[in-house]
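Here's what TrEMBL has on this protein:
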TRANSMEM  16-37  transmembrane segment
TRANSMEM  69-88  transmembrane segment
TRANSMEM  94-116  transmembrane segment
TRANSMEM  137-158  transmembrane segment
TRANSMEM  164-181  transmembrane segment
DOMAIN    183-251  domain 'Mechanosensitive ion channel MscS'
DOMAIN    333-395  domain 'Mechanosensitive ion channel MscS C-terminal'
REGION    437-462  region 'Disordered'
């Protein structure tokens with residue numbers, strides 16, 4: 001007892017010793033309250049949530065909503081207890097109280113932000129339309145509003161003024177605020193249009209050459225859309241650019257179940273000619289076009305017989321061409337292919353002849369949208385068609401290579417000065433260079449007879 005009285009007398013002799021000890025006791029109480037809530041109450045709540053079959057409480061725990069709210073308890077104890085400490089200057093009491101209340105406002109704002117993240121997690125895990133109608137952008141807008149209000153309340157609390165007084169002053173700052181939040185406002189409008197019109201979803205393959213984006217959408221936020229390109233790089237696109245600029249969305253292709261093949265075979269126009277009767281008979285062994293050849297033969301014989309009986313010149317007769325027969329073969333080949341979508345557009349057409357040969361374009365759709373399978377099907381088709389060209393007397397155009405030119409020059413050098421031999425060598429060299437076009441490939445062109453017509457015979461080709 002005497003010892004306690006001695007301590008009391010010693011403390012009473014030190015200026016502000018009582019208020020300091022009282023303030024230290026208040027801090028100790030706040031720390032103990034924080035420890036009790038965090039170590040006991042929060043753990044009990046976590047165990048109850050883990051034992052529950054509900055999913056929303058797990059989302060709240062994983063996002064740290066409750067652990068963030070724990071900080072409110074000691075701050076409120078300090079804010080309410082510091083005015084009760086006798087002997088403290090009023091200015092110090094006001095500063096400590098206002099700082100504690102400002103901290104409470106900030107903590108609640110962060111907890112609300114975590115709560116919004118938890119709501120997004122719950123929406124994504126439960127809704128089957130989460131990729132089609134993402135709400136992340138809207139939640140981010142709510143976060144902005146929450147933090148703006150929290151900042152206003154914190155400033156008003158620290159300067160001990162009404163928040164309404166600060167808000168009334170924002171009217172004069174509206175122009176500055178519009179400038180600062182210009183991208184946010186544009187992105188909000190763009191986000192509403194993108195989701196409302198179902199223009200973009202998470203998982204869509206988009207192509208935007210202006211921003212070097214070509215890949216899958218992996219995230220849609222308020223201000224940005226992230227695209228993972230095929231080389232695994234990430235392109236970040238401002239949301240409003242998806243409205244102001246154009247982009248290609250491949251979702252329609254993926255949902256259709258078929259992917260387009262649109263590739264030409266460049267035929268050497270010098271190899272296009274009429275088919276002789278024995279050649280037509282030989283080609284009847286190709287099962288895909290035997291019926292086509294029979295029907296075409298009957299059609300042409302009837303037409304030509306009627307034409308000749310009328311006394312017309314034989315030049316007006318119709319004859320079968322190797323390019324037309326090959327085109328029919330490709331058409332029937334694609335119709336019989338099990339990996340080609342028969343319900344979609346399928347055709348084989350000639351494009352305008354040019355310096356790179358006569359383009360014979362294959363236009364069809366595969367029965368799969370898988371990239372690897374698609375490339376394999378396309379390669380198999382053109383492997384087969386290129387190998388079949390010689391059966392129809394056709395050559396695939398290819399620009400002469402260095403070996404072809406070197407061989408032609410060597411022939412010229414070997415002839416010496418004999419004019420006859422030189423002429424023969426030139427003809428042979430030209431044949432060698434022309435024969436180079438028979439190798440599979442594409443390139444720049446040679447000049448052929450106009451329209452690819454045969455140099456011998458008469459009649460109209462088909």
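Glycine residues also receive a Cβ, built from the backbone N, Cα and C atoms like all the rest.
As the structure is a computational prediction, the values presented were derived from the model and not from experiment.
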Quiz item: Taking a Cβ cut-off under 8 Å, which residues six or more beyond the ends of the transmembrane segment (16-37) line up next to it in the same chain?
Solution: 70-71, 73-75, 77-78, 81-82, 85-88
Self-check item: Per-region confidence, the domain 'Mechanosensitive ion channel MscS' (183-251) (mean pLDDT, whole number)
Solution: 90
Quiz item: DSSP says what for the domain 'Mechanosensitive ion channel MscS' (183-251): how many helix, strand, coil residues?
Solution: 22 helix, 25 strand, 22 coil
Self-check item: Helix, strand and coil residues within the domain 'Mechanosensitive ion channel MscS C-terminal' (333-395) as assigned by DSSP
Solution: 26 helix, 16 strand, 21 coil
